[in-house]
Structure formats: C-alpha cells, structure tokens
Amino acid sequence: MGILETITGPRDLDRLSREQMVELAAEIRQFLVAEVSKTGGHLGPNLGVVETTLAIHRVFDSPRDAIVFDTGHQSYVHKLVTGRQDFSRLREAGGLAGYPQRSESEHDIVESSHASSSLSWADGISRAFGITGQTDRHVVAVVGDGALTGGMTWEALNNISDDNTRKLIIVVNDNGRSYAPTIGGMARFLNTVRTRRTYRGLYETSQRVFGVFGAPGDSLYRGLRGGLHGFLTRVTDNEALYSNLDIKYLGPIDGHDQQAMEEALEQARDYGAPVIVHAITEKGRGYEPARRDVADQFHAVGQIDPETGEPIDPSHAVSWTSVFADEILALADEDPRIVGITAAMLRPVGLHKFAEKHPDRVHDVGIAEQHAVTSAAGLAYGGLHPVVALYATFVNRAFDQVLMDVALHRAGVTFVLDRAGVTGPDGPSHHGMWDLALLQIVPHIRLSAPRDATRLREELGEAVKVDDAPTVVRFSKGSVGDEIEAVRRLDDGVDVLHESASKDVLIVTVGPMATMGIEVAERLAAQGIGATVVDPRWVVPVPRSVVELGGTHRLVVTIEDGVVVGGIGTRIRQDLREAGIDTGVTELGLPDEFLDHGTRSQILERVGLTPQHIARDVVAQVLGSRVPSARPLPEDAERVPMRAEDDEQA
C-alpha cells in the first residue's frame, strides 16, 4: 500500500517524516498523471502545486483554518488529502467536480472558478473571524501569478492592508503562467524577483559556504534557510512591491521544497498579521510531456496517453474556435482596422493565429475583462475595430463596461463569445448561459448566434462592418457539426430551415439549437402538425419577419441554450405583443439555476431540452391540453384529425 492510500484527511500528514512527504509528493504526481489522463482535466496546474498544497495542509488546520483557492482548477491535490481519492469519474455527472465544491467536502469554501476573487473572499472571511471573536483561526488564500493581473486582487490587497490585526496568509503560486505565459508589468516584476542575480548569487553562495562543512553544514543550512530567505528578501529589495501596502513579504521560496515551504508558512502563521508567501513553482512539474508543451504546459487536457501525453482519440472534427481563428485572420488581412483583444486566453479563444501574423494588432491584457472592454472602446474611438474574444461566462464580469463604455458611446466593438451555452464538464461557473439574457437588454446592441461554420463566417464578417454599435457573435464549445442549409432566406436575413404546408407552429431556434428545432418539426409532422423552423441569425434586435411569421402561425416555440428567464424567447414574446399579435409563445431554454457538471447532452436532457420532450409538449399544446394552447384552427380549415394517444408517440 502506498502512502497516499493511507491519507483520509489532512491530519494524517502530521505523522509522516520528511522523507515520507517527498515520497507522497511523487505518488501524488503519479496518481494525477494516471487518473487525469483517463478523464481529462487540469493536469499541468495541479502537478505544479503538490508540495505547496501539502505544506499548507501540514501547517494549517483545515477546515478550522479556511483555505481558499483562486480559480480552483489547482485543487486536485487538496481533494486528495481531504479524503477524495476516487477520480474515476472526475468532471463527469455523479463524480468529483473539477473545482472545489461545498457539497463534496467541508474543506471546500469557494466554488467559483473565475479568477482574482480569492483575496476578496479571504478579506471577508478574516474580518468575519475577527468580528465573531474567532481570532485563533487563520485564512489562507492561494492565488496564481496570473490572477494577480486582475484588478480585483489589488482592490482586495488595498483593503487587507488597512487592518493589520488579521491572521491572513496569501500564498502566491508563481509559475509565470496563467493559461499561457503571464503578461504585463506584474509578470515582469515577479520574473525579476525570480531571476535577479543578487538574490540568486547570495543564495547559492551561502549554500556553498555551508556545504564546505559537509553533512553538519548541510544540516545547519537546512535549519537556517527560512531565515536566510527573509534576510535575502530584504537585501535584494524583493518586497518593494508590497512595502507601501504594509503587508509582510516572505520569499521567493522554492515551492517544490517541502521543508522550505513549511518553514515559510509556519513563520507566516505565527506572525499574526497579513503575510504574502511568494512560492516559485513549475507548471507540469515531474511530467515531461507537460514540460515540453510550450503553449500551456498541459493546462487542461482531454483523455491522453499517460506515457506520451498524446490524445488517445484525437478528434478530426472542426471546432467552433478553429473556424473563428481562421476567419478573423482572413478578415484582419483584408481590413487593417481590425484589432484583437483577449484576457489571458490567446489560444483558447482562437486569436493566436492573428497574433502570430500581426503581433502589433493583438493585445493580451491579462485576466482583466473590465479593462479589456473599456480599452476596446478607446480603440474604437481611435478609428479601429476591436474584436474582444472571451469565454461567454467571463463577459459577465464586464457588463458595466459593455453598457456604459461601449454601448453608451456607440462604439463599434465586436464581442466574440466562445463556450456559450452549456459547456459540460467544468460545471456551473463555466457554463456560458447568461450572455443572451444579460446582453440583449443593452441599447443598440446586435447579437448573433451562428448555427454552423458557414454562418459563423458570415455573421463575423457582418459584425466587424458595424462601427456605430456593439455587436456580439456567440458560439458553443466543441465541434461545429454539419452544415444546415436554409430552404430560403428572407429579405431581412432570416433563414427558413424547414416549412410545411400548414402553419401550426413557428419554431425559432438560436444558434446550434437549429438541429433540435428541425428534429422537433419532423416529429410534429409525423403527428399531422405543420411547423416552420427559422434561424434569425441575428437574434437581437428581433427581425421583423420573425414577428410577422408569429402572427401567421397558431403557436410560437423558441429554443435557446441560454437561461430562459429574460432570454431571446422573452424578447420575441414582447415584440409580438407590441405588434398586437396574441399568438401563444412557449419559451424553452435553461432554468435559472446553477447547472452541475456533466456532458452537454446529459445536461440538456436533465432540463428537458430534447426533441422528444419538446415535441410531446407541443402536441399537447396543439391539442389544447397544455398552456399556452395553440390558437384554434379557422372554422373552414380541413385537417386530418389527431388522436390524443398520438401524443405519446411524438
């Protein structure tokens, strides 16, 4: 039996010798490579925090001492030492979440995986401990150097420094990367700290001096190196960044030196005031395929061969992101006004090809979505057309800037929202399900949702030509799927995808839900119900022809992969009422609740967004047994009578 199998909780670490801790770290890395390669997940970040996480749990008493992980994707080691070692269904329905989750363990505090929030959480928790008299409890916030590029981190530091009586420890996990290499002035400063010759020279010289005395000298050196770190920190002025904030700084510490990390954390724990412990770590530590991966060091992987790191079943399907990557480059080649902006996710959002060919026209602003959006407004004012590429879930963080800096000023900015709708295994904070409801209320905005690769190219090209209002192009995660050709295109750009002789039901689909809408129509046809399926392409503002078609059908059904409350269906219903059209509207989408992790198909089935479920309900509405009921047929209409029992066959 290995050491890892004997660990059921953090206090089991206390009985281990230093040699056993080193052995445990090696076992954990072997476990992570073996298990995550089967399920996929955040491999590189977790390989880089093994010793740091073990040290935190040895020095502090979780859950009495609160441990908060920023973004949370580096919490696998934390899960392992807090009694969760069944990784067989990691990120799958019914299995462990890929991020901290309170329902899994009392050791998990913050579930959100959005970056730069941990210090604000730590500020609030430590204040609460003080107010309630729990002054013996510590708060430990683990934050990556990438998250330090987010402004919220510095707002929190400003407030933390205002109260020097709290037992708050900030562990900076500095691996020089967020998803990719960390950028900006903060990154340059930390890199200077890591590589400054004065620090390294003095540290290495002191090690050699003690080493002259053989084993006794080495032992003395190990005993004194915590103090040596502090001394060299002062000598080389590494704490200059934090001195004005009145927060004690310890480091930099080798984050893979278990003993050094424990000594630094013990010193921070006993200090009795806010302390920053700067740990230098290596993303992908101990796994050669990750170390060779220059792009992101296996930040997140699918199923891979653990020996080679190669995908087990490489997909040859074209992804939405790759279609965007090729098309934005083609558009930028033609139009020198187009510039790209990303928030620390150059490759994940597909701007890497643009950046490689036109490096002066693509700007990575770090994990700073608010700044990205307002900077884009400034670029538009200067005569350029910015394309801000984000994951859909992260545009939530910059809503005020979209509203007040872009829309109010009628700035021609295009937002490209990747991973829109249900994203699957990363859980509630990564589903891009709020963008439609959130953005459709912005004045002047134009919002598109392409159903396939051809429409993505079309709508992106149309978006970058709009210079007097914000535009949005949103698409899903994963592969694009087959082309869905229109039966015809109406004069306002709406595509008719399916139509029947009788106009019973108008089905309005948003983006990739077109496939589902067509299948629903086919099921209805088998029941003698005629349906028209349309893809508005540009869903906001609602095209005129969609409203007109709503008036000529007996029932309108909208299908979207965003939250249904305040979504596109709501907008269509309002426009119908304003036009004096009383056709019943059924709005289908995601419920206003946080959806757990699972595959896209599992989640859609869980919330009733399947062709079978939708068709069954629509049949009931046409029969008048379910509200909203379809408008009655005209008295002179000749139709094949339907039987109520046919409802079950839809």
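Residue numbering: from 1, along the chain as shown.
Note: Cβ is positioned from N, Cα and C throughout, glycine not excepted.
If you check Swiss-Prot, you get these features:
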type	residues	note
BINDING	His73, Ser113, His114, Ala115, Gly146, Ala147, Asn175, Tyr287, Glu369	thiamine diphosphate binding site
BINDING	Asp145, Asn175	Mg(2+) binding site
COMPBIAS	633-644	compositional bias 'Basic and acidic residues'
REGION	629-650	region 'Disordered'
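Recorded features from Swiss-Prot, shown on the structure.
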residue: His73; record: thiamine diphosphate binding site; Cβ contacts under 8 Å, 6 or more apart: His42, Pro45, Asn46, Gly98, Tyr99, Ser113, Ala300
residue: His114; record: thiamine diphosphate binding site; Cβ contacts under 8 Å, 6 or more apart: Thr71, Thr393, Phe394, Arg397, Ser429
residue: Asn175; record: thiamine diphosphate binding site; Cβ contacts under 8 Å, 6 or more apart: Pro45, Gly48, Gly144, Asp145, Ile280, Thr281, Glu282, Lys283
residue: Glu369; record: thiamine diphosphate binding site; Cβ contacts under 8 Å, 6 or more apart: Ala343, Leu390, Phe394, Val395, Arg397, Ala398, Gln401
Tell me which of the binding-site residues Asp145, Gly146 sits in the most Cβ-dense spot, judged by other Cβ atoms within 10 Å.
Gly146
Could you state, as a whole number of Å, the largest distance between Cα atoms of any two of His73, Ser113, His114, Ala115, Gly146, Ala147, Asn175, Tyr287, Glu369, the listed thiamine diphosphate binders?
32
According to DSSP, which kind of secondary structure is His114 (thiamine diphosphate binding site) found in, if we only use helix, strand and coil?
coil
May I ask you to report the DSSP-based helix, strand or coil state of Asn175 (thiamine diphosphate binding site)?
coil
